[in-house]
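Read the structure below first, then the notes.
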Amino acid sequence: MDSLLARVKRAADADALNPAQEGVTGGPDAAGLPDVSTSSPGGGGAGDKLKEKMDEYKDKLINEIENLPIWAIVLIIAGSLLFLVCCVYCVCRRSCRKRKKKEGKKGLKGAVDLKSVQLLGNSYKEKVQPDLDELPVNMEDNEDAESTKSEVKLGKLQFSLDYDFQKGELSVNVIQAADLPGMDMSGTSDPYVKVYLLPDKKKKYETKVHRKTLNPVFNESFTFKVPYAEVGSKILTFAVYDFDRFSKHDQIGQVQVPLNSIDLGRVVEDWKDLQSPDTESEKENKLGDICFSLRYVPTAGKLTVVILEAKNLKKMDVGGLSDPYVKIALLQGTKRLKKKKTTIKKNTLNPYFNESFGFEVPFEQIQKVTLIITVVDYDRIGTSEPIGRCVLGCNSSGTELRHWSDMLANPRRPIAQWHTLQEVPEKN
């Protein structure tokens, strides 16, 4: 029995040993197992499929972009650039905020504790805050120093005088000026000289304007009728101005020559430093200024006058104001061709009008007419009084002649200019 069991056991062990050897020597096909090296469930097969899908999506995207119109492509690119710029701006702004916060914290570290300063007593206060009684003295010293520094040379003027005793005439020659200050933004000036006799100023002459120069050469002569008996009471005045078409002319300086202080028996030629105009000479403009434009169309024979505004008019009423209006008169010789006037502006010394007036003036008559613009103070009860006037035409002089000439030289173009009002002669 024991021998039978031993034989059965050996046979079973032999059967179990043979299949195991076949599985080892026969390879995967013999054992019925799958080839792990070539086909695994999570291996290269799935990766190849993913790559194929990506290539497919890429091709579709390229095809769609190629089919898009040009404006859509440009819009996409612009949007992308805008997004990029916004991102950069946000990053820069955030970094700047962080930097400011850091600087603020640094500044706070150096702040002074006011309580601790108060505890230091008067010794610290005296060092930091000086005695207030000393401040005015120091300030006055500084003002004196600044006033001496602010003294600016106004330049100088050369002129000559020759008096004819037989005719009772004074010939004045304005030769030149030198080292004038720059009155314009460009550092230059447009100087001209007014020449008149004080105290009456009945006759006033002006030189030509010299553009953009600080050393003008005039060489212009003028003659005043002055009887010898009146020579001693006259003061010859040279007032140098900077010409400005659109605003009031600025006075640079003046030279005053009392005729009783010079030897009229010979020709006098001299240089004089320009002095600042005093209050009396500034009253030359006491009547005020007026601004108006002139426009002439030769083909239509039409002269257009636009009264724009006036300023610094003379006070004519008891209350220190005026009720101004402007009269425009067109004359040929002594004959008045046309007369017009603006509206009345109540209680003002700086009226604004902006009123236009037209006159029919044929081209052959434009050289013969005279335009008189008069500012009048309206009075309801009594007689309206004239404040001052301007006379323009080919026979006028100074800024008035210059304005008239500019109008004729620029047809169809309005030429605006400020004028100083002159006294209206009394009627006989």
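Glycine too: its Cβ is placed from the backbone N, Cα and C atoms.
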Candidate set Ser123, Ser171, Ser322, annotation phosphoserine, source Swiss-Prot, matching residue: Ser123
Per Swiss-Prot, member of Asp184, Asp200, Asp289 binding Ca(2+) 2 alongside Asp242, Asp244, Asp250: Asp184
Whole-number Å value for how far Asp244 (Ca(2+) 1 binding site) lies from Asp317 (Ca(2+) 4 binding site) (Cα to Cα): 31
Non-site residues, in chain order, whose CB comes within 8 A of the mean position of the CB atoms of Asp184, Asp190, Asp242, Phe243, Asp244 at Ca(2+) 1: Met183, Ser189, Pro191, Val209, Tyr241, His249, Asp250
Those binding-site residues, out of Asp250, Asp323, Asp377, Asp379, that come within 10 angstroms of Phe243 (Ca(2+) 1 binding site) at the Cα: Asp250
Cα-to-Cα gap, Asp379 (Ca(2+) 4 binding site) vs Asp184 (Ca(2+) 1 binding site), nearest whole Å: 41
